[in-house]
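Trainee: Right, I'll just put the structure down here and ask away after.
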C-alpha cells in the first residue's frame with residue numbers, strides 16, 4: 001500500500017492547547033445553557049420529560065466534548081499546510097482526506113484574526129480569500145503569517161491578473 | 001465629458017409610477033376592508049395620494065443628488081446630501097454592462113444602464129444608471145473599448161465589420177426551447193402545488209364542485225388537466241418569446257454583445273477576458289433532438305431589481321442550438337477559446353468508468369424496503385411504495401452509470417480545460433480558461449487511496465456563489481496531473497526565504 005503523502009508543515013504545537021481550551025469552553029458553556037434551560041423549564045412546566053431530556057442533552061454534549069478532545073492529536077497530525085513558490089496547500093482529515101490548493105496569484109486578500117485564546121498562544125488565524133471562496137488556516141504563528149503576507153504581496157507585483 | 005451630469009428627469013416619473021403600482025395593492029386591500037363606507041374610500045384615497053406625493057418628492061430628491069461623470073478611464077458617481085458617497089469604477093474592472101430600453105422610452109432614446117463589477121467575497125456590486133440618454137452608453141462603450149484615439153471613419157469601418165450578426169434565434173427556436181426547457185414542467189408542478197394549496201384553504205367551496213366534476217366522469221377531469229397543461233405551455237412560450245425576441249449575439253472587438261427582449265430590450269456586453277467559463281447543457285430531451293443550450297458563466301450576476309426577472313443570473317449565449325452547428329458558431333463568436341482546440345496533441349485525462357464505486361451509495365435506497373415490509377397496511381399501498389422506491393433507486397443508479405461513462409476532461413495548452421460531467425440527467429460541458437480557476441482541491445478516503453483513487457474539484461467564481469466542478473474517482477496520478485496543469489505558471493520568480 002502506498003503511504004499517503006502528507007504535506008511538510010504542521011501547525012505550531014501550541015495550537016493543541018488552544019483547541020483543548022476551546023473544546024472545554026464550549027463544553028462548559030453548553031452545560032450552563034442546558035442547566036439554565038432546565039431551571040426555567042421546571043418553573044413553567046411540570047413534566048417528567050424535562051429531567052429525561054436534560055440527561056440526554058448532557059450525555060450528547062459530554063460525548064461530543066470527549067470525542068473532540070480524543071481526536072485532537074489526530075486532528076493535529078493530519079492538519080497540515082504548505083506554502084511554496086506558486087501555491088498554498090491546506091490538508092485536512094484522515095478518513096475524509098482533502099487537500100486544497102490555492103494558487104498564490106488567485107488570492108484576492110488575506111485576513112488575519114486573533115481571538116483571546118489564540119492571542120494567549122501567540123497565534124493568528126489566517127483566512128485566505130479568493131474571488132470564489134474563503135479558506136481558513138487556523139493557527140499560524142505570527143511570523144509565518146507575516147512571511148506569507150509579504151510573499152503574496154511580492155507575487156502580486158510580478159503578476160497582474162484579474163477575475 | 002468632464003462635468004458631472006444628472007440622469008434624465010423622466011426617472012422621477014418612472015420610479016414614482018413603479019412605486020405607486022405597489023401602493024395600489026395596499027389601497028385595494030384597504031378599500032376591500034369596508035367597501036360600503038364612503039369615508040373609508042375618501043381616507044384611503046387621500047392616504048394613497050399622500051404616498052404618491054412622498055414618492056415623487058423622494059425620487060426628485062434622489063434625482064437632484066445623483067450625479068455621474070464619465071472620464072477617459074473611469075466612471076464616477078456621486079450620491080447623497082447628508083451622507084455623501086462617491087463611487088469610482090475604473091473601466092478595466094467592469095465585468096459586464098447591461099443596457100435595457102423600455103418600449104415606452106424607446107422613442108426618447110433613453111435607456112437603463114447596469115454596470116457590474118465583481119467585488120471580493122460573495123458580493124456582486126452593481127451600479128445602476130436608471131435613465132440616461134443612449135449617447136451615454138455609446139460614449140461609455142467607446143471609451144471602455146479604448147477607441148478614443150481611433151479616427152471616426154475607422155470606427156465606422158470597424159463597426160461595419162464587427163456588427164455582422166453571428167447568431168440569432170428565430171421564433172421556431174424559441175418555441176422549441178420553451179417546450180424542451182424544464183420551465184414547462186416546473187411551471188406545471190408549481191401550478192399543481194398552488195391549486196393544491198388553494199384547495200386546502202377553501203375545501204368547503206371546492207368539494208361540491210369537485211364532486212360534480214367527478215360525477216360527470218373522468219373525461220372532464222382529464223380534459224381539464226390537458227387544458228391546464230396546454231395553457232402552461234403557451235404561457236411559457238409567450239414568456240420566452242417576450243424574453244428572447246430577436247435574440248442576437250455578435251462580436252464587437254473584444255466584447256460579446258447579446259441583444260434580446262420585446263418590451264424591454266436588453267443589450268449585454270461582456271468583455272471576452274471576463275468570461276469565467278462557457279457552459280453547454282443538454283437535458284435528455286435535448287440530447288435526443290441533438291440540441292444544446294450554451295450559457296456564459298460570469299463573475300457578476302445581475303441583481304434583479306423589483307424581482308422582475310429573477311432568472312437573470314444565467315446569461316444565455318445560445319438559448320438553443322443544434323449540436324452540429326455549435327462548434328462553428330462558437331468558433332465565429334469566441335475564436336479565442338476554440339482555436340486552442342486545433343492543437344495536435346491535447347492532453348486528455350483518462351477517466352475509466354467505475355460502475356460500482358459510482359452507484360454503490362444509491363443502492364442504500366433499497367433499505368427503505370425493510371420498514372415497508374413490517375408496515376401494516378393494505379397490500380396495494382405497499383406495492384405502490386415498493387415500486388416507487390425501486391424505480392427511484394434504479395433511476396439514480398442509471399444516472400450514476402451515465403455519469404461515470406461520460407465523465408472526462410481534456411487539457412489544451414495555452415490555458416484551456418474542458419470538463420464534461422452529468423448531473424441529474426443533464427449533460428454539462430464546461431470550457432474553462434485556466435486563469436479563472438480559483439482553487440483546486442483533491443480529496444480521498446483511506447479505502448479509495450488504497451486503490452489509488454481520488455476526487456478533484458475545481459472552483460470558479462460565478463455570480464454570488466462559487467461553482468464547483470467535480471470529477472470523481474479519478475486515479476491518483478491523474479488528480480495530481482490535473483492540479484499541476486491548472487496551477488498557474490510563473491516565470492522568473494524565486495521565493496525569498
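Note that Cβ sites are derived from N, Cα and C of the backbone, with glycine treated the same way.
Nobody curates TrEMBL annotations by hand; they come from automatic prediction.
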Trainee: Write down the single range among B:174-198, B:249-273, B:274-298 that appears in TrEMBL as transmembrane segment.
Mentor: B:174-198
Trainee: From B:381-402, B:403-424, B:425-446, B:447-468, which range did TrEMBL mark with transmembrane segment?
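Mentor: Comparing B:381-402, B:403-424, B:425-446, B:447-468 with TrEMBL, transmembrane segment matches B:381-402.
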Trainee: Using DSSP, what is the helix/strand/coil residue split across the domain 'YdbS-like PH' (B:245-303)?
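Mentor: Looking at the domain 'YdbS-like PH' (B:245-303) with DSSP, the answer is 8 helix, 36 strand, 15 coil.
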Trainee: When the domain 'YdbS-like PH' (B:63-132) is classified with DSSP, how many of its residues are helical, how many are strand and how many are coil?
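Mentor: Helix/strand/coil tally for the domain 'YdbS-like PH' (B:63-132): 9 helix, 43 strand, 18 coil.
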Trainee: Given a Cβ distance threshold of under 8 angstroms, which distant residues of the chain, six or more beyond its ends, lie next to the transmembrane segment (B:12-29)?
Mentor: 44-45, 47-48, 51-52, 55-56, 59-60, 62-63, 102, 105, 130-131, 306
Trainee: Which sequence positions outside the transmembrane segment (B:381-402), separated from its termini by at least 6 residues, show Cβ-Cβ distances below 8 Å to it?
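Mentor: Sequence-distant neighbours of the transmembrane segment (B:381-402): 353, 355, 358-359, 362-363, 365-366, 368-369, 372, 375, 422, 424-425.
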